[in-house]
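A.B. asks: There's a structure below that I have some questions on.
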Amino acid sequence: MKVDTHCHLDLSVFAEDIDEVLCRATQAGVSECIIPAIDPAHWQKQFTLARTYPHIRFTLGFHPYFLSPLLAKYAVDQLISQLDQTIQETLTGQLKTQFIGVGEIGVDRAIELDIKIQETMFVEQLGLAKQYHLPVIVHHRKSHDRLLGLIKQSGFTGGGIIHAFSGNALVAQAYIELGFKLGIGGTITYPRGSKTREALLAVGLEHCVLETDSPDMPMYGRQGQRNEPAFITDVVTVLADLFGVEESVVEALTTQNTRSVFA
Ligand SMILES: [Zn+2]
């Protein structure tokens, strides 16, 4: 059994055939799918999916990519209190066992949105995660230095997942020391993913969890196609080769790692 810890099944690209997508995932041995949040409009879709499919889990939060239009209309305080209220309602509602964290939150230096506002939103959301004792799913792009600093400064110790980890062993170790697991997806299936594969070898499989980032980040050989949870088997194969273990060992250990994050 495997867990896809990061798949955006709430996006409209899955609206037509979500049943088939989840059926293929089950056939591939994916026992749980975690949908990280992007914005309030999509929170509603996450709720609908979670009500329909009991093996779906989800987190709530504001993804940095989707913040600009929201910040054009609302102040940071308003957005944070909307999230706070939705977290409170969800923690006591029908979906409380399927709601498992805050995310996807983070800092992205490749988008135009002002870095200070991104950092404020990140820290505020870390604060909510701390308040409600929830782990976080963290988005990064060219921002490891800032994220590591902000997590330390905020005193957040709830842990979580560094989504689409790429980087060297030192960066990996710094996140691990702060209580995080590394989300491992399609990147390591590419020949150019050697730096990240080396980092994983150095830190060990006990710090890795599986993810696809569906519909994005296609696996090597599937470029240009919509990604989906069933393709997570490609990541398992590469990790098994890399560590010289059976695929069943990769599946068992990464699933155990995922459970330890969302205990
Ligand atoms: Zn994502």
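Glycine too: its Cβ is placed from the backbone N, Cα and C atoms.
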A.B. asks: Among GLU104, GLU119, which residue does TrEMBL annotate as binding divalent metal cation 1 together with HIS6, HIS8, ASP213?
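C.D. replies: Checking GLU104, GLU119 against TrEMBL: the divalent metal cation 1 site match is GLU104.
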A.B. asks: Go through HIS8, HIS139, our binding-site residues, and report the one whose Cβ sees the most other Cβ atoms within 10 Å.
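C.D. replies: By the 10 Å Cβ neighbour count, HIS139 comes out on top.
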A.B. asks: Within its own chain, what residues at least 6 apart in sequence put their Cβ under 8 Å from the Cβ of HIS163 (divalent metal cation 2 binding site), listed in sequence order?
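C.D. replies: Residues satisfying the criterion: HIS6, PRO36, GLY103, GLU104, GLY106, ILE137, VAL138, HIS139, HIS140, GLY183, GLU211, ASP213.
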A.B. asks: Using DSSP with the three-state reduction, classify HIS6 (divalent metal cation 1 binding site) as helix, strand or coil.
C.D. replies: coil
A.B. asks: Please list, in sequence order, every residue of the chain apart from HIS6, HIS8, GLU104, ASP213 whose Cβ lies within 8 Å of the Cβ centroid of the divalent metal cation 1 site.
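C.D. replies: Here the nearby residues are CYS7, ILE35, PRO36, ILE137, HIS163, ALA164, GLU211, SER214, ASP216.
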A.B. asks: Which is it, of GLU104, ASP213: the one of these binding-site residues whose Cβ has the most other Cβ atoms within 10 Å?
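C.D. replies: Max Cβ neighbours within 10 Å, all protein chains included: GLU104.
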